[in-house]
Amino acid sequence: MMESQPLQEPTATAPAAGEEQAGAPPAVVPGKEFTRTCKGLVVVLIGGYVLLQLLPSSLNYLAIIPSKTIPYVWTVFTAGYIEQVLPGAIGSSLGLLFCGKDIEPVWGRKEFLKFIILVNSICGILAFCFAIGLYYVTGKESFLVTPLSGFHGCLAGFLVALKQLLPNLELPMCFFWKIKAKWMPFFVVCFSSIMAFIVPDSINFLPTLVSGMYVSWLYLRYFQRNPLTGLKGDPSDEFSFPSLFPAAMRPVTDPVANLFDRMLCARSRPSEVALPISDPTKASRRRERGERVLEERLAADHAVDTEAPAHGHGTAED
């Protein structure tokens with residue numbers, strides 16, 4: 001399998017001949033090859049698991065242990081790349097490879113790595129805060145001493161990115177069942193919440209999954225420079241907060257979406273947030289039409305100016 005080149009241009013389908021695009025950005029298509037960046041990150045994930053097997057004490061310095069995080073502050077940044085069990089290392093590696101091959105060609109290597117570092121770091125901070133909060137609420141010391149780590153927060157963020165880029169992409173859940181990418185974040189949250197009640201220990205994964213989705217949606221919705229349109233964020237209705245949930249939950253999700261818009265859109269430049277995604281192309285077409293009209297008017301004025309002296313000269317001769 002050939003490796004993809006770094007910093008690829010956005011992958012898009014070419015428009016059909018004679019088809020009116022109506023200013024829409026190019027359509028994103030699924031990637032076909034595992035990228036070099038993803039392969040390198042898989043080495044990091046597998047290497048972290050192997051390191052824990054060779055030096056078990058290194059877990060204290062790489063994973064988040066809430067009771068020790070204040071001296072070892074760096075663990076909130078390193079925990080996202082440390083898998084403690086083999087199934088986690090394998091699952092995270094596969095998820096990274098298959099999600100990354102669709103996302104990185106559109107974003108480019110720099111933005112892809114920026115997204116991973118940002119989501120993993122904020123998830124680490126939120127996981128620490130959530131563990132401290134659970135300790136004060138329940139009084140259980142296990143929340144202070146349980147090591148927290150794993151790449152699952154970033155994987156949850158990848159699902160939100162796939163919803164944005166390829167909402168109708170069918171992701172395999174098992175041998176005979178597939179689910180569209182646009183419903184995958186909601187499905188994962190529901191499944192993880194149910195598992196938290198069935199298997200109490202799995203509640204440690206739930207805050208990281210939810211925060212990974214939440215942080216990635218906020219970043220993609222309001223802050224990322226969209227590589228396909230050049231605009232800041234994605235103000236489309238298809239990527240609004242209520243779109244993450246079924247329509248039946250709109251009475252609950254709409255007020256939350258409005259709150260996000262008031263807090264974050266007000267701080268952004270209206271020219272970057274309020275415009276729809278198709279505006280850059282439409283504006284370019286309007287400029288081209290305006291230039292053509294201006295050239296036609298100038299040519300007409302020039303023709304009138306050249307005809308007037310000739311007419312005046314003919315009158316003088318008579």
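Keep in mind that glycine also has a Cβ here, set from the backbone N, Cα and C atoms.
Annotated region 'Disordered' per TrEMBL: 1-25 (among others), in sequence order.
According to TrEMBL, the feature compositional bias 'Low complexity' maps to 8-25.
According to TrEMBL, the transmembrane segment annotation covers 41-64 (among others).
What TrEMBL records for 76-100 (among others) is transmembrane segment.
Among residues of the same chain six or more beyond the transmembrane segment (112-137), those with a C-beta under 8 A of the stretch's C-beta atoms are 37, 41, 64, 66, 69, 75-77, 79-81, 100, 103-104, 143-144, 146, 148, 151, 153-154, 157, 161, 204, 207-208, 211-212, 215-216, 219, 224. Annotation comment: TrEMBL describes 112-137 (among others) as transmembrane segment.
TrEMBL lists 143-162 (among others) with the feature transmembrane segment. Here the transmembrane segment (143-162) has Cβ contacts under 8 Å with residues 45, 59-60, 62-67, 79-84, 88, 92, 95-96, 99-100, 102-103, 115-116, 119-120, 123-124, 127-128, 131-132, 134-135, 169, 171, 181, 184-185, 188, 204-205, 208-213, 215-217, 220, 244 of the same chain, all six or more residues outside its ends.
Residues or ranges marked as transmembrane segment by TrEMBL: 183-199 (among others).
What TrEMBL lists as region 'Disordered' is 276-318 (among others).
The compositional bias 'Basic and acidic residues' annotation in TrEMBL covers 288-318.
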